[in-house]
Amino acid sequence: MATPEGFPASFYGEPGVLGMLANGISAFLVLLQNFNAAHTGKEAYGVENILAGVHLILIGGICQLIAGLLSFRKYDHLSGTAFIGYAALWASYGATRIYFGVSDNQTTNQTSNLSLSTDLMTNISLNGSAETPGGYFFLSIKESAIAGLIPYILLSFLLAFCSATVNYIMPFVFGAITATLIFEAVAIVASSWALVVSGVLELLILMFAIYGSAVLLLKGLTQRLALKGFGTPLFNVLLLGIGNSASAQSIGQEKKKNTKYAEPMALGFFCDSIAPFIFAFYSFGYMKSFGLGAAWISIISFAQLFSSYYAHLRQDCYHTTKFGFHATYWLIKAWGEFVASALIGNKSEVGSAREAMVGNWFFVVAGLILCVGSLNMDILELIHNMLFVLVTVSSVPQIPLEGYYIFFGVACALFTAVSIYGTFARLINSIAEKLLIPVGKQPVSTANMKKALKWGKSQQVGSEMVPHTDQASDVLFYLLNGVAALSAIHSKVSSMNPTFLHLTIPWVLISGAIIQAYVSRLQVTGGGRFGSVISSIYVGVWATWTWFRFAGTLLQLSTGAAYAFTAGAIALLVINGFLMLIAAYKNLVLLLLTTVMEVVLVCFLLSTLQRLPYRLEIAMLALVAIICVYGILATLVSGIFSERLIPMGPPLLKEVKKQETSPELPCPIASSRLTSGLLKIAGILEQGGVCGIPTDTVYALAASCKNPQAIEKIYNIKDRPAEKPICICISSVEQLVAAKPPFSPLLWEFMRNVYPGGISCIVKKGDWLFQLGVGPAYDRVGTRDSIMIRVPDHTVTGHLCNITGPLAITSANPSGEADSTHHSMVIDRLGHKIQGVLCDGDSNEVVASTVVNCLKIDEGTITLVREGCVPAVKVYQIFERVKSTML
């Protein structure tokens, strides 16, 4: 139902309520344990720790993750980054509590063997080795927790500072979390007084969070800020840009939005700050075991996959690839170190076994390719990628063990420093919609990049255009299969080494199966003809390969079990034959990859029969990796430039399409460049039809206000909820002036400053609408007491409104789906339901207009209902300027 004075409450969905409460309740759970420990002198033990950890994961982790995901869909850069970042924090801290609890129980169960345990711990601390596999599992829990908390302290401080540019509730919440993390880290080391201080700070978090949630909840219910705290920043974010005129290209020049989703770059840099920091602590010897460290890095890596996913939704091939690539590397390294330190424990055995592993080299090559892609971005991206290449080089297993960890630790420390700066720069620039924090110029111009990367026939004019989304998932597909293939290479001697087999499992399983399952999800949404068929099958291939070739040897599978894998290998051979057929419809590179994989599967079949030709398998796996390197380069370049610059080869099979001399369109169309086309659409609207028309933002469905029944049709065409009102569109402010609405001078001046353009104003309804020409549609547009008015900055739409009078418009898409940015999208999605489309090519924007509630403008306030193509900062700047001129 519509509220009396504005748009429906559904427009005011506030995931911040859930995010704030998740932080407050999580802090409250820790507070109870801290105060109890300070009061009784006994720390939480066993099951108490485990239960607290589970609650932190469920409330602070999962609930806050949901709030972060919804914030990204609400185009809230700060909340999306902060809530997912803090979700990872609370989930990691919950995992730490669980580790403490399980460790306590383990200690209790071993009290009868206390002297033996003491000898084992002494041996571990002195030699770094243990007789029993898994002896390291519960070592260094406190050290791991501190190593994880420190980067979160730094990043939480940055989030508190950035949030001060948006409102003055979040800075107190995030600032209190920052201080709490400091004293939680101190309390882990020794001090009981730190528990008391931490508990007091957690109480403050709870209080601030409850108040902030109440403010946002009331905002959603009343459609206005009933309580103070949001809507007014502590300081203007634009102040951060003073003195930066010499930085990036056109500092202060506004960036154009390209999707409905918030920018995930800050979240990606956030995650790239946590993982390498923990690795640096471990590499410098602060942590003896990576048991808990693997949990912390796994959680933050999965958070980084969400930044990759939202980059995919924004059709950003580069960042989809980059963050997916980094998350894969951190996961593999984390579980590799977990196996090495917590399960094996003997450093000399680990060092000798690692020498036979070559999978890390694929990360080095892929990192260099990303460096090439970042030449089209900015200096910050290039430096970040170059340092990541340094990280991958430093973790090459062929480096002698004496210098391996020092080199890796230094590289991770440098990468962490740049990632923290990147988090701050990307977040502030996203909030301000301006380049306020320097990120450097574009190293190489787009034209020069294209010229350098064009191969062969692709240099001709009219190169093949490719969609962003398909390429983003394809890059990761080639990357993951390349890592898995190169990591699976081993000799007959290596296959007899259980340490090598243990260490190889994470490399093949995580890249080939776990992360590739995520890629198959991306390919489902990519809209390709064959969807995720190939990647989904290869998930099964690499999972089966890992189970039999590496884990199977360790488990000593029986002959009968081996024959079961023989049957499975035959089935995979047959299925891969069909994948080859699918690849023949796509491109030559994919066909070559699936063909070589057929030979690899033959080798797998022979291995189940104990007849494996090792040299052939090594050659084929290496060839798969080489093909994947080429596939990464070609698809990444194509995705960045939306143009096939590096050839993938033509499809060998092509779908035979029936020739239709005169394809029948689902509805009449007209060209916006022809006067006759404009008159044709105007005639349809006059007769009560509904048409798709261009605007200065995205395409809209339009109906004449002279025909109320046509407005009702729009609801059926879009499956639009009845409680959502429709706005009106007019040609100019002068058309509005002629209707003589009783607007205040301040409202008139504000409208003259925002019209025509991508801002829509909600104003009070009145009899003046009849003078405007709304007439019979008075009860069909807007709410009972308010109406939203659009004056598009679009010549065609303006002329159409001059011919027909005011039009009732709404975005031309099925309710809940993405906006239409080309007339072909309107025809394909709604053509069978509407009476015409005015064709004007690509829309000027890919998001709808910004909606401003002006019902309280005479009280000196406006409310942003929806942030669209015009940034909120710009809207408020215009309003403040108008107010100052009216005084």
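The chain as shown is numbered from 1 upward.
For all residues, glycine too, the Cβ spot is worked out from N, Cα and C.
Features as listed in TrEMBL:
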type	residues	note
TRANSMEM	50-72	transmembrane segment
TRANSMEM	78-100	transmembrane segment
TRANSMEM	172-196	transmembrane segment
TRANSMEM	203-222	transmembrane segment
TRANSMEM	234-252	transmembrane segment
TRANSMEM	264-284	transmembrane segment
TRANSMEM	356-375	transmembrane segment
TRANSMEM	405-424	transmembrane segment
TRANSMEM	530-548	transmembrane segment
TRANSMEM	560-582	transmembrane segment
TRANSMEM	588-606	transmembrane segment
TRANSMEM	618-641	transmembrane segment
DOMAIN	675-870	domain 'YrdC-like'
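Long-range neighbours of the transmembrane segment (530-548) within the same chain, counting only residues 6 or more positions beyond its ends whose Cβ lies under 8 Å from a Cβ of the stretch, are 473, 477, 481, 484, 488, 505, 508-509, 511-513, 516-517, 519-524, 557, 562, 565, 568-569, 572, 575-576, 579, 582-583, 585-586, 590, 594, 597, 601, 604, 607-608. Of the recorded ranges 78-100, 203-222, 356-375, 588-606, the transmembrane segment (172-196) has the largest number of C-beta contacts under 8 angstroms with 203-222.
Proximity of the transmembrane segment (356-375) to the transmembrane segment (618-641) is established through 3 or more Cβ-Cβ distances under 8 Å for residue pairs spaced 6 or more apart.
Counted as Cβ pairs under 8 Å, contacts with the transmembrane segment (78-100) are highest for 50-72 among 50-72, 203-222, 560-582, 588-606, 618-641.
Only residues 6 or more beyond the boundaries of the transmembrane segment (618-641), in the same chain, are considered here, and those with a CB under 8 A from a CB of the stretch are 317-318, 321, 362, 365-366, 369-370, 372-373, 376, 446, 449-450, 453, 466, 468, 471-472, 474-475, 477-479, 481-482, 485-486, 488-489, 491, 589-590, 592-593, 596-597, 599-600, 603, 647-648.
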